[in-house]
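> Input: one structure, supplied below.
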């Protein structure tokens, strides 16, 4: 019966992957590989293997890197297992003397028995180490395959295969977006264990990393510090033990890649920390694999045995069990200097360093360590797109890596490339009718697809007229403009080149239609009038003479003659229309009328008696004799059309943007007579800047004007914070440990070394219903129920907002007086003449809120209104926290229940929550408020950022006192001279341009003003600059203009002497711009572009064409002359005109 119990427990090892034989071993690599000596590590859990097949297991490789052959060699192990004593009766009750252990020597290959200097020289010799470890019970073993490779293999290898038994392991090298760090909490973390000594705490971060350690035996030598067990005994303050002679050390790798850390090494903080954790958890801090989170084991009891089997006395001891294996079953004895390797399926060997004898050390140890370090700084992405088929091919790249990329309009497929430190991600956008929006590294990028379509139009037009590519390209640049402006350009060119042919042709078609329309209207009018007369006659007859219906056939008559004919013919059975005989009944007569062909005889006679309507011949003659072929008429219409089309062209080139942003205006700025106080009251989005510029005029003297410039920068949020620590996620484990004799304190259980655990013991069974049949009965034994959290990992940083402040920098230039101040809500900038106040802010943040960041700060975070800080329960937000003061574990509010069945092993049930707070949050992520940030700056106690989404708003009030000293302030000695340095970008409303201006300020020390980018007609962009005496460089970003625009740097109505022409808007690839950079509100009161401005713009465009590609002008003039010749041939002068002449 006991064997049946063991078999049932073995079924708990059913693995989800047992039905497939291809598993994945992932190796995470930074995407920039330097000349360091680091090692990358990856591991994979394999399905269980029957115990009988373990000795034949061999780790094979098809990878292209060099492998160390040392681990593939056969290694002698002592197999130490347990069994029921042979002299035990079949129905005997289990006791401490019921079972015994046995030992034998076996040869195993591929286990993690790593010789000296293998890992130490792996990076230098470019050799990789592969091995596997075993966790076994009495029936099966759980293999774990490890791969440790020089970090340079990240460059040479992408994928390969390993084989162990029937299983195939796909080794996948995956490059992260980290330049050189490890990916933890979505951040790229570089552990620097010495930084805590030399730097203040707010300059570095602390993260929790996994640690994989492998024991390396080193026999010989005189260095007693390598007697590792002595180091453990010192830590637990154990004395009086006979010296354990084993020499060796652990070689540890931190996280996914690091240099090798040697344990023990007292001069290394990391080594000391790992040694301390090994002392606390001698078998490891990773207790279970994921599929075995809820499982049971039965403790058989404590056994001793011999290793090697030839020993005369017992040299090893441990706890025998049946059920799910927990820790490694491979270890090494510490008593002798010669290494003795132990394989103990179904036995947890003694690892308590407080004991003196029969101790072992595991060959592999997995745990966690908290280390200080730096988080790599991220850079913004550059995104560009090219037109491809019906959609667009886009690519995003960043100098330091892309940690987050998404798009609501594109399919981001994560196909990525690395070029040095730069990471590139390619994706496809299926639609180009809308602008492409991409969120990359926390920044919103917008790619204007209108420019892509322009480029495709230019390419198509140039391809069609490929015989003259230069001319075709120049014409395409002018024609391929979207909207009314483009159609106006097309109509202008058609009118100029072919107007003398199109005008008479269209006139002829219009005249023909008018003639047809006139005739149809006349014909319709005649018939309708006749019918109207008939109806009126009928109505009058009915009023005077009575009914117009025949009494015999009941037919309605329209005239008196028709009624008289009915009265004479119908009573005699004769048709009144054709006079043919028929029956004198209503039905017969009505049937005859349907086939009679003369029923309209009386109407026709009446119509003939009326005079026929003749249309007036003058209308036809005027339309027919119109001289649409006259050169005078054609030339007049041609000139009028050109003029009107030029006006439409100029007017359509002006794009009025109703949303906050730049509006194209003419030169100069607005003038306000200061009759009363000037007051502005407005609401400004948090990410927007505001510029207001006017000239304040003295109402009493119009010659006295004071330049006034008001500048408000975007909002900065200042939060005083408290760092609560790192939120952790973990696997919930529920374990049942049962033994049928002794008290519950007789044995130690696995969860008792876990960070967070809860245990309840059901001691001494009082009934037969909860005992397996081989147990001794009631009054003894123990069922220990435990829950613990395993595989803890950091998922995010948590900050609590203690106080909030919203600030904006405000600058005022009034004449020569300049004042700047950073104001916050309910604060003001006050001068003798001006008062600026932030009255309030509409915000979604409140003091007491908790901010959670699941990655870099630039990725944004989540707002929690309720965050647990004390007495947290498992499943609450903030349930598991790693703080500077240590781990904070949650309370488990549930209760245990022991499930019993007669003659079976009892099991534990837990009725509380089994889902961590982090996993609950991910399942309901959309229910939490989120926010984005840009330009973050964080210290120990403060966090500052800018809201890029304009989700917050400030209420601003500005008052300028009318009692200004115009006599003093109107005299402005500041002299501004401008010149153009360079220009980048394209004209038009697509990608825009960047104009670099050189601005010289003289006669005063500083001056706050705005510099515009304008052509001769209007302005397209502005930049506020605080000029200082001497030369200043100002960058002005604008959008608009046309092919003839020469963009100049302008201040008020003064512009640079020369201008520069921007490129055509058809770049091969269009680069996205930052949405936040365009969120500006500019108001200088300059007049809108009027009729004079339109003609000026049109003239500049025509001059631009004339001064550009002269071949284009020549082709247009040639087409014009050709159309004149065709006009002369098709529309010659009239012959009679020639004779009269």
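Every residue, even glycine, has its Cβ placed from backbone N, Cα and C.
Since this is a predicted model, take the numbers as computed values, not measurements.
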> Among 529-549, 550-570, 613-633, where does Swiss-Prot put the label zinc finger?
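Here Swiss-Prot associates zinc finger with the stretch 550-570.
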> Scan 444-485, 612-653, 654-695 against Swiss-Prot and say which stretch is down as region 'Inhibition of interferon induction'.
612-653
> Identify whether residue 382 and residue 703 belong to the same side of the membrane as annotated by Swiss-Prot.
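Residue 703 and residue 382, as annotated in Swiss-Prot, occupy the same side of the membrane (identical topological domain).
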> Looking at 575-596, 707-728, 729-750, I want to know which stretch Swiss-Prot calls zinc finger.
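Based on what Swiss-Prot states, zinc finger spans 575-596.
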> When the zinc finger (550-570) is classified with DSSP, how many of its residues are helical, how many are strand and how many are coil?
11 helix, 1 strand, 9 coil
> Which residues in the same chain, at least 6 apart in sequence, have a Cβ under 8 Å from the Cβ of residue 112 (disulfide bond)?
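Those within reach of residue 112 (disulfide bond), by Cβ under 8 Å and sequence separation of 6 or more, are 71, 131, 132, 133, 146, 214, 330, 363, 364.
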> At 10 angstroms around each C-beta, which of the disulfide-bonded residues 385, 837 has the fewest other C-beta atoms nearby?
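Taking 385, 837 as the disulfide-bonded residues, the minimal 10 Å Cβ count falls on 837.
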> Would you kindly give the Cα-Cα distance separating residue 160 (disulfide bond) and residue 457 (disulfide bond), rounded to the nearest Å?
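Each residue's Cα considered, residue 457 (disulfide bond) and residue 160 (disulfide bond) end up 47 Å apart.
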> Least buried of the disulfide-bonded residues 136, 141, 252, 457, 756, going by other Cβ atoms within 10 Å?
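Per-residue Cβ counts within 10 Å for the disulfide-bonded residues 136, 141, 252, 457, 756 bottom out at 457.
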> Where residue 141 (disulfide bond) and residue 29 (disulfide bond) are concerned, what is their Cα separation in Å, rounded?
30
> Which one is closest to residue 756 (disulfide bond) in space, judged by CA to CA distance, out of the disulfide-bonded residues 213, 480, 837?
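Comparing Cα positions, the closest of these disulfide-bonded residues turns out to be 213.
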> Counting each residue once, how many in the zinc finger (575-596) are helix, strand and coil under DSSP?
10 helix, 1 strand, 11 coil
> Going by Cα-Cα distance, pick out whichever of the disulfide-bonded residues 29, 154, 213, 811, 889 is nearest to residue 63 (disulfide bond).
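In terms of Cα distance, residue 63 (disulfide bond) lies closest to 154.
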> Round to the nearest Å and give the CA-to-CA distance linking residue 154 (disulfide bond) with residue 160 (disulfide bond).
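About 12 Å separates the two Cα atoms.
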> How many other Cβ atoms are found within 10 Å of the Cβ atom of residue 213 (disulfide bond), counting all protein chains shown?
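Around residue 213 (disulfide bond), other Cβ atoms within 10 Å: 25.
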> Which Cβ among the disulfide-bonded residues (480, 811) has the fewest C-beta neighbours inside 10 Å?
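Across 480, 811, these disulfide-bonded residues, the one with fewest Cβ atoms within 10 Å is 811.
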